[in-house]
Each structure stands twice: as structure tokens, then as C-alpha cells.
Amino acid sequence: MHVLEANNLRKYYGNDPNITKALDGVNLYIDQGEFVAIVGTSGSGKSTLLNIMGGLDIPTSGSVRVRGKELAKLSDEELTIFRRRNIGFVFQNYNLVPVLNIYENIVLPVELDNDSTDKMFFEEITKILGLESKLSNMPNNLSGGQQQRVAIARALITKPAIILADEPTGNLDSKTSADVLGLLKYTSNKFQQTIVMITHNNQIAQLADRIIRIEDGKVKE
Amino acid sequence: MLKEHNNKVISRIAIRNIKSDKMQSFFSFVTFMVAITLIMAFILTILGVQKETEKDAKMQHQAVFDHIDQNTINIIEQDSQIKKVIILGTLPKVKYNDRFIIQTTYFSNFFYKKLEGKIPHSINEIMVTKESLKYLPEGTSLGKQLSLNLGNGISKYKITAIATLDVEPPNTISIYCTKELLDDFNNGEYKDYSVYLFLKNSQNMEYSQIKDNIYRIAAENNIPDKNIMFSSKYKNLSEKYSSKEIVQMAMVMAVILFAAYLVVYSIFYISVNKKIVEYGQLRAIGMVKKQIYRMVALEGLFIAIPGMIAGVICGAIIGYIIRPRGWYYLNFIIAAITALIFGLITLKISIYSPAKAASLISPIEAIGFNRTSTENIKRHKKSIKYTAFRFAELNLKRNKKKSILTILSLTFCGIIFICCASLQSSISAESMVTTTDFQYGDYKVCFEGNWDIYKELDSEAQNYGKGALQSVNNALTMDLKKKILSINGVKEIKEWFGTTSIFRFENKDISDQTTIWGYSRQDEKKLEIAKVDGTVSYSELIKNNGIIVNTSENLFKDVYGYEPKVGDKVSISFWQSNGTVLTKDFTVMGITGSADGFQHMIRMPVEILQKSADYNLALDWEIITETKYNEEIETNILELLSKYPELTFEKKADYVKNYNNLYGALFFTLYVLVMVLAGFGIISLINLTLTNHTLRKKETSILLSIGMTRRQLQKTRIIENEILVLISLVVATIIGSPISYFVVNSFKGTGAVRQYHFPLGVYLIFYGVIIMIQFILSLYLNRRSSHSLIYDLKRA
């Protein structure tokens, strides 16, 4: 079974004749442990595809299944909880909760679920990401690269089915970008974590196991 | 099972949010604290008044028997229903130094605020009041001998005590003497006591039962009904709050809570708006709607609870200061619980919408949310000149709800402020005195009568009191009037006519002695305002031999157990100078219901009055002068009056001072309420200004970096804020003015208000302060914002 299945996804905005086809029949299948990059120019539909895959947006037609669960059939609350447990997000602008410290930000998805954190796993990922000494810091005391590592740790902590990374290096300089990408690749290999990353940068996309090109709402693999 | 509710992490985030946004938290805390303080103080004052009333009722007599001798008193005291009696005897008033009156009283039980010395025991010992000392010769003090004529020629008296009382009549020297002195002045036995009756177990009796007991005791001691006076004060004290009063109290509380609701709602609405992206992020990583709602609600709760507790404490302190006598621990508990319940309800209502809005934020909207969104802004085809005013206008339009909320909050506070300030400026001790006692002038000359002459009258004449005395000699003559008018500075004299008569309501068994007052055509307009039924037309009443009965404060009903109606037939007997009585029949044609200068029980057109008696009926002269309180005029009038012991001289200033003492707490309370409401409005506006500044840091940096000067930016921000203030000023004035007029006029019936005064000065200061605060705050914030552009650009 694929970890993620997207079948004939369409996302249309507006009405005829001024209809905008952000996605126009996208089929996509991702397996466990894959590191996939979705590449496309600005306006190609890659962000729309990522949002729909993550349950943040609803397709006009088509379906998305994550670990066999069809997202469209879930209520808003079920979807939120499903997302919390099965989908990790890494955003371009980190999106850390400014009033929580680094430790609290990382374990937030687990705590929202009223669950207990896997301490060993937590220590492992914070060590890998170089965050052990930063756990009591607040986000605004960290650099961009460090904040993005925290975001990666937060995405990993629930051992989700899939991590969706939206231009994770968009706000970083080249060296930091390379560090972050390297970490993403490493964690994907280490934990057999499925990662889907969207980017407009072909060079960055080369790091992935598979590259999917999207143009005008259609996949061109 | 899905375990989606985690209170611990939600509480943690809520607390951290509170700590991170100190300004918003502080404003919300202050708003709740102030609202609860006001409500606590208000409830404690009401309950305190009730408690004081209970205490006073226990100390209050139920009725008074007049003209009782000592033998009858001794019998009454033995009655099984009598708890105790207090005996009062007075000597006739005597003039002192041509200006003051000496009132000598024997009281078997003195009530005083403070006492120095010892109660007099022997015939030549007296007690004076502290206020009276200023009218007596300098050096008069405790232990000193004082030469006084108390009515039996000049004698020496030793001052054994000085008492401080709550209230004293102006220009009156109050002397308290022994029983022996009374007897000495009355051929060995004083027979004209007033006996104050205190029944056993009165607090558990219905008022009708009390009345029955009193009538029984009177009948058993051959005391006629006309010598029985039921205490209206006791009746008022024993009454609970009426439903009308409870509604009024509830309305005041509702106003306070609504003002608090508006401010808190505005603060939280703006806060949620500020955090749309954060809430979207939390939704994206898995926080469900209920958790977001709970988080915002907890933020409100964690701020409100300490605010409310602080409010309970402050309110309790203020409540104690206002009504220390009424303080009672149970009242505190009731007030605290009520205030907290109302506070929590207000919190729930004001937080509900913002919290709901926060929970409904969809992650995709929030992640794509642009704080500088230009949605709903119309695109213009023509090019527009972007002035500071135009920028300000655009900024206000792009978040209409925020702007409208702030205007609403300010406007509401403005309207309530106008109402309270109007009331505060329309009610004053001077207004009250002008309404009731000194309608036209600053001085009054009154006919009181001569005791020496009264003593010589037969008992039937004595029944007509001042009427009989007027018939013998009334010094308020045309000659005296001319002399007073000739004093430099005296403009005019308004004459009031009246005489003591006996009235009887046909078929109602109501008969009593009272002073009947006349009114002129000039007074018709004022009576019209006070009228509640029938007519007060001067011509109509003359044509139909009509009278006007005043029913304000239910006095008629309380005293006689009857509510007069238009059409009632009344016969009034007038003393005549030849020693006979002339009885005439009248019809009640008008009923007045206020104390608006016409608080006397019965009035009739002065033409009819003057035809009813064959002597000078002048009773009071109000002296209207060119300038207020002229000492020279006073001296001249007093000199003229020195020859007339039956005339007294009164000053409006003394009455004003008395009223200020009596109502000081009320005036102070109104001031405080006005200030607090102003504070609510200012909090709301400051919060908006600071939030806007924070939200638009990036935008500000961009504008500055592309070439807008700091001055231009400042101008835009200042204009934006001042537009909000000015709109609310206009709306509050348009809506608030008629409402305040209505509110003030509704107090006219109490006599507390003479005329509506729009509080222009205070109102301009209120809005002036708001405009200034806005201006200074905008200046300060804009100066700070330009120092590190890149930092703001990156971090915003």
C-alpha cells in the first residue's frame, strides 16, 4: 500500500469562462521512506497540491488517501486529529509558536494528543538536529536555520506517515539551506520517513530520491 | 478513543500568551477590575442603605402624640405594647440679635453625633450644639456661663455640654434644657409634651398593626386623632425597595457591565485578529477547534479572575467608605458573589465571539493570510492623489469591523458619560435649594409669629396657628416692603401668601390643620410641569373654586391613608380677624406630584385665598438682589427687621451648605462614575492604537524605506486615529444629548434638578483628553518605529 495516494486531483477556482485550474487531474503515489521533491515554477500548482495532500485544503474533485484513510471522508475535527498524528509540516517561515520554548514547540503535537513523548526518540532527533543545548530557548532567540531544525523536529516527533515540506529553505541562505536539506535527507534515511518537499529550485530537488515536475496543474514526471 | 482535549498544554499556551501581550492583558485586567469594583461598591451601597435603614428603623419611633401632659405620659409608659417613650418639650422660639432664632428643647433622650461634657441636670444648665456656637458671643464654650433670654427674660445658664449633630437648621441656636426649666416657664407644670412612641416588636409587625396599636393607645388615653402623627420616616424605613427601584438599580448595573463588555470584546476581537496566522499554524499542526476556543477563553478567564478579585476587594473598600454604618459581612458575601457571577457572565459573552472566530480560522486561510490584505477595497480606475488623509481613510476602511468596534465602544462610553455628566451638572445643592426653598431670590423674610401673642390666644384661635397670629399682627406690610426695596441692590420682592387653616375631605374622615399657600399666574407654568392630573389653570380654579393637592413622595397617602383625586370635595376653614371662622367649599381640580417648588400640601389661586381671610396673608418674601450674597444688603435688611420679632431672615447660602453636607456622597459618587466611564473609553482607544502599531510594523517599515517621510507617516496615523475619535464624538453627541435630557428630566420630580445643563465643559475636556492621548501616543509610537527598518522588515 502506498503511504500517500492522490487520485485525479482537481482544484478549480472561479467559474466559466474565467476558471483557474490550479490542479487539473493529478495522480500521485508515494511509498514508505521515499524522499520526493515536487518541482515547479511559481503558479504551477505545487503549493496547492501540497496543501490538499496535507488536508489543509479541499480538492474540487479527486481523492487523497494517507495510510489508506481518505481525507475527504473525515470531519473537520477528525481531519485535524488525523493530521496531528499522521502528517508533519515544515513551512517556509518555520511557523513556531512564539510563546513556547523549543522543547515545548517540538512536543506540541504529542501534547495536543494528550499523549506522552517517546523520550529516547526525542533525544535522538534533537541530537541529530543539534538542538540539545537549545531546548529552553525561545524561538525568537534562534537563527532561521535553527528555527527550521526545530520545525523539522516537531514534524518528526509523532513519527507521521508523511512529512510535507513547503519550500523549507526558502528563507535561508545557501549554507544553511544545504544544512537543512542534508538533515531532511538524513532523517528520511535514518527513520525511513516519507518526505514530500516542494521547491522551485532544481538544484535542491536533486537531493530527493524522486522528482515530480508540475506545470499548469499537471504532473509531468 | 480520541483524546483530543489536553487542558495542560492549552492552559500553558494561554498563560504564555497573556504574558507575551502585557498591554492587552493589562487593559483587560483593569477593565474587569474597574467594572467589578463599581458593581461591588454599588451593591454594597444599596445593601448598606438597607442595613442602615434597618438599624435606623429600630431606633425610629412609630408615632408621636402631641399636646400631652405628664400624667398621661406616665400611663402610656405602662402600656404593655410600649417598649419605650421619648418625651420632647419645647419653648417658643425667641429672636436673638435680630437675626437668629433660639429654639429651646427638652428631650428625654438626646441623639447626637458627638458630645463634649455632660447632659444638663439642673434648671440653669443647658447644652448647646456645635453649629450654634458661631451665632453666640465669642468665647462661648464648655463650662462657661451664658446670658440668654429663652423667653422669660435674661438669665444666666451654664453650658454643661456641647453636642455635634448631623444636620441643623440654619440661623438657629439650638439649646437643650432640663425638664425643670420647662416646668418653670409654664407655671410649674409643662403640659404640652410631644411623646415619641416605640412599640415592642415593631419590626415583626405589619404597618397596619402598628397603626391599630397606636390608635388603641390614643383612644384609651383620650388623645384625639388630630394629635397623632404617624412617622412617615418609619413607614419609609420599613418598606423594602419597590420594583421600580430594583429595575433602576438593575439598569445601572447593566450599563456598567455593557461598557465593560464592549471594551473587553473590542480588546479580544483585536487580539484574535492579530493572531490569525498563529491560530492557523496551530490548526495546521493539529489543534482542533475546541482547543483553540478553549485557549482563547482561558486567556480571558486567567486575566478576568484576578481582575475580578481585585475588583471585589476595591469595591468592598469603597462600599465601606461610602456606607460604614451599613457594613455587614453577609452583605459583603452577597455583593461579592453577585459581582463575580455578573463578571463571569460578561466575560463569557464578551469572549464568546472572538474565541469562536479564532476556532473557525482555517489553516489554509491563515497560512495565506496577509495582514495587509486589500480585500474589499474598490479598485479605482482614475489615479488618486494619496494624501495623508486618503491613506488614513483607506486604512480605516480595510478593517471596518475593528474600526466600528472602537467607534461603538467610544460612543457608548461617550453617551453614558454625557448622561452622568449632565446629571452631575444639573444636580447641585444650589439647584436643590433653588427648586425647593429659594426659587427666586437669595434671601427670605418669613413670618413666624410672636409667641407672646400666641400664648394669649384662646384654644380655638390657637388651632389656626399662624392664621390667628397673622390676623393680630403681620409685619410683612407694604411699608416694610417699600423700605426693603429702597435698599441699594435690592431689585424685587416675590411675595408668597398663605395661612394656617383646617381642611376636611368630605366623606373621607380626613381633617387636619395645614398651611394653605397661594399661587399666582406667574407660577402656573411651573405648576403645569409638576401636574400629574387635572388642571392648574389659574382662571379655571378661580371660576370653579378649585384647589391643587400635592401628592409628592406619597406624603398624603402616608399621613392620611388616602390618595386624593380630582373632583374630591374639600371644605377649608379660615380664621377671621373678628374671632370667627369662615368655612368655604372647594373642589380638588389639580394634583401635582413633585417637590418642584410646590411641595406644600394644598395650594389655591392667591385671589381666592385673599378673599377667604380679612387680614394680611403675606407669609414669605423672597428678596431678589442685583448681586449674590451682598453683605451690605444683609446688614440693611437685618437692621430693618430688628423691630419685628415675628419675622425671621434666611439666607440661601446657608441652605446650600446644608444640602452639600447631606448630599456630598451622592455628588462624589456621580463624579467617580463619570471618571470611570471616561477611563473605559480611553482604554479601548489606547489598545487599538497600540495594536495597530504592532500589526503594521512591516507596512510602516516598507513605507519608510520607499520614501515616505516620518512626518508624513505620523500625519497619516494621527489623522486615522483622530477620525475615529471625532466620529464617536459626533455620534455620541447626537444620540447622547436627547438621552441625557430625558434622564435629567426624570429626576425633576425629586426636586434634585431644576434645569437641564449640558455638561459642555466636562464633555469637551473628556474628548480633549482622548484626542491628546491619541496624539501623544501616535507621536511616540511613530518616532520609535523608524529606527531599524531592516529588522522590522525581516521580523514583522
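In case you wondered, yes, glycine gets a Cβ from its N, Cα and C as well.
The transmembrane segment annotation in TrEMBL covers B:26-49 (among others). Nonlocal intrachain contacts for the transmembrane segment (B:26-49), taken as residues 6+ away from its ends with a CB within less than 8 angstroms of a stretch CB, comprise 241, 249, 252-253, 256-257, 259-260, 263-264, 267-268, 300, 303-304, 306-308, 310-312, 314-316, 318-320, 322-323, 325-328, 331-332, 334-336, 338-340, 342-343, 346-347, 669, 673, 676, 679-680, 683, 686-687.
As annotated by TrEMBL, transmembrane segment applies to B:246-272 (among others).
The domain 'ABC3 transporter permease C-terminal' annotation in TrEMBL covers B:251-354 (among others).
TrEMBL lists B:292-322 (among others) with the feature transmembrane segment.
Taken from TrEMBL, the feature transmembrane segment applies to B:328-347 (among others).
The transmembrane segment annotation in TrEMBL covers B:404-424 (among others).
What TrEMBL lists as transmembrane segment is B:662-688 (among others).
Residues belonging to the domain 'ABC3 transporter permease C-terminal' (B:673-785) score a mean pLDDT of 78 in the model. For B:673-785 (among others), the entry in TrEMBL reads domain 'ABC3 transporter permease C-terminal'.
Taken from TrEMBL, the feature transmembrane segment applies to B:723-744 (among others).
Residues or ranges marked as transmembrane segment in TrEMBL: B:756-781 (among others).
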Dominant neighbour of the transmembrane segment (B:756-781) in B:246-272, B:404-424, B:723-744, by Cβ pairs under 8 Å:
B:404-424
According to DSSP, how is the domain 'ABC3 transporter permease C-terminal' (B:251-354) divided among helix, strand and coil residues?
93 helix, 0 strand, 11 coil
Apart from its near flanks, which chain residues at least 6 from the ends of the transmembrane segment (B:723-744) lie with a Cβ under 8 angstroms of it?
392-393, 396, 403, 406-407, 410-419, 421-423, 426, 685, 688, 753, 756-758, 763, 767, 770-771, 774
Any residues 6+ beyond the ends of the transmembrane segment (B:246-272) with a Cβ under 8 Å from its own?
21, 24, 27-28, 31-32, 34-35, 38-39, 42-43, 46, 279, 296, 299-300, 304, 342, 346-347, 349-351, 353-355, 357-358, 401-402, 405-406, 408-409, 412-413, 416, 677, 680, 683-684, 687-688, 691
Counts of helix, strand and coil residues, the domain 'ABC3 transporter permease C-terminal' (B:673-785), according to DSSP:
97 helix, 1 strand, 15 coil
